[in-house]
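See below for the structure under consideration.
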Amino acid sequence: MALLGFVQIPLTKVKSVRESLREKGLLKNFLKEHPYKMIQNQKIACHPLRNYLDMAYVGNITIGTPPQQFSVVFDTGSADLWVPSVYCKSKACVTHRSFKPARSSTFRLPGFLGYDTVRIGRLRTMNQVFGLSQLETGEAFEHGVFDGLLGLGFPSLALKGTTPIFDNLKKQGQISEPVFAFYLSTKEEGSAVIFGGVKKCCYKGELKWVPLTKPHYWQIALDRITWRGHIIGCLRGCQAIVDTGTTYLLGPYAEVDKIHSLMNAVPLQEEYLVQCNARDTYPDIVFTINNVDYPVPARTYIRKDANNNLCYSTFEVMGDTLTESQTWILGDVFLKVYFTVFDRGQNRIGLARAA
């Protein structure tokens, strides 16, 4: 089979569940009835445990013959492919596109997992395993724009005995290099996930490579976090997970609380309000990784809501999803500033300022 070089899949920035609920005036009651930790840990029919409230970048794939299209979050924090099935009758499934096995000539179903042809742009994997959600219990998912998740984590994160889609792309000779990369634009259009190579037009300067400390998540060592030269987090070094399936910057309670104090942030229903003029006056918050500084500007870590003209912190307290209490998660807030390459061949991440 001929190698396809690299393939770029457009991603669209969509309204997150949180934004949709806030716009409809439903967020206050939703957060009251569904505490944030509970949202982070909702289990959706053997779905990976993810926080659906803030996912915001989606791309299209197809499953089956002839192809059935789905919008998915390309998620480095999980390793399975999941879409709703036609057998699911819960409200969350009814409001999304569902896979119809009877309409695919290449479909096989041993249990609640299906096997079929999956296409990501020009890339194609044969007999790809994927989960068919038969019960969507998470209310947050009802309001999501995306249909499912496509995991790009390591095989150790996948359901036992299954092979993640990226590993099959490698095995079936679909990509020339075992890498993928994310370019997240601040605009609605222009974002992309790139498979099999790197596009130099997506970043400025040189890529700085960071070895993984634990090839399970995309986990790296974080040296420290500073504000005006003072260490405000990760005092003695800690771990960080680079995660495209998380929107915000998640960290331990004490450190996030300290950052909110510096920002003069005011709590409001699991969120923190910040004065909007702080976006122009507050300093960069600097994440030092492998002895290289990666500043995140105030206009990025303080988000302005166009609907109500209020400004919110993008720092949040880590839920109980990881046992290591000093672990940070660097989500889309970080990835919008830095073009990120995920290198499975050498178990490393490449970072450079996004173009």
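Keep in mind that glycine also has a Cβ here, set from the backbone N, Cα and C atoms.
Annotation comment: TrEMBL describes ASP75 (among others) as active site.
Taken from TrEMBL, the feature active site covers ASP243 (among others). Sequence-distant neighbours of ASP243 (active site): residues of the same chain at least 6 apart with a C-beta under 8 Å from its C-beta are ASP75, THR76, GLY77, TYR217, TRP218, ILE329, LEU330, GLY331.
Per TrEMBL, the feature disulfide bond maps to CYS88-CYS93 (among others).
For CYS238 (disulfide bond), the count of additional Cβ atoms within 10 Å of its Cβ stands at 20 [all protein chains shown]. If you look up TrEMBL, you'll see CYS234-CYS238 (among others) marked as disulfide bond.
Positions annotated as domain 'Peptidase A1' by TrEMBL: 57-352. Within the model, the domain 'Peptidase A1' (57-352) shows a mean pLDDT value of 91, rounded to a whole number.
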Cβ neighbour count within 10 Å of CYS88 (disulfide bond): 20
Distance [Cα-Cα, Å, rounded] between CYS238 (disulfide bond) and CYS93 (disulfide bond): 39
Distance [Cα-Cα, Å, rounded] between CYS93 (disulfide bond) and CYS234 (disulfide bond): 41
